[in-house]
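Shown next, in structure tokens, is the structure this report addresses.
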Amino acid sequence: MRTTGMRAVILLLISASASAALAGVSEGGSSNFDYFYLVRQWPATFCNDHTCTHSPPNRFKFTIHGMWPQRTDGTWPEYCDPGNPFSVAKILDLLPSMIRTWPSWSGENRAFWSHEWTRHGTCAERLVGGERGFFKAVLGLHKQLRIEDALAAAGIGPSGEKAYEGRVLQRALKDGLGTYHHIFCDAKGNLAEVWSCVGLDLRPFDCGAQRDAPALRGPSALPPQNNACGLRVKIPPLDRRYARRGARAWAGVALAALVLAVAAVALARRRAAGGGGAGGDELRRPLAGAA
């Protein structure tokens, strides 16, 4: 009887472990992962495929989607610390940069950032030094790995007519950024996202070739999604309906970012003088809008 009971317990534990592995979930702020995917998106593809409530600027600039902990076996941790919710008060000094480089195009910025922190950032909080450290690290890597600069240096840019071989895009990214990256397309073959592999030391490294070669330092598992990039990939320009609105909207964003920067400095001075500070409710209406 005791043997039967022990077997049942063991089977239950094995089943629970397998379920957790399949779901990719770790709890308690675990740093049990091997590397990150730094994911950036091309706003024109996103907004041409979705109804964007906020208009991207009509310029060649990728924006941040997130930075996601990954394991080499293809699983990933998520929602690691439910007791540590997102607090905008912790990142006030980063807000001007986040509004420009990490906007949500189809919702509120605050909800988007909260999701990225709760689902992904909490799993790296011990590694990067909490919420502010997470967002600061992502912003720094985004600034370091300028996708559009690497592509532009190879004569690659948005076009309504021209398409590029996937290997040409990969080579341009390798030459310009120093590492190989994953590229992903929508169902129409338009470039949607670029995924960069980043080590636990926050240094970029080569992602494995997407179908037929191992990572040079890794391995990195392929992202768990279908990739519709064909032999030739388009980088579409921004749809005119968004381009017209975007020029006006982003003038306001630039002004708002300046106001937030001044407010952050004033808040820091108040805190230094012992005056306390706001809890973040004053920013409940973000300025751009989520992928």
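Cβ atoms are placed via backbone N, Cα and C, with glycine included.
Per TrEMBL, these features apply:
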type	residues	note
SIGNAL	1-20	signal peptide
ACT_SITE	H65	active site
ACT_SITE	E116	active site
ACT_SITE	H120	active site
TRANSMEM	249-268	transmembrane segment
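In this structure, E116 (active site) is part of a helix by DSSP.
Around E116 (active site), a 10 Å sphere centred on its CB holds 25 further CB atoms from the protein chains shown. If you measure from the Cα atom of H65 (active site) to that of H120 (active site), you get 11 Å.
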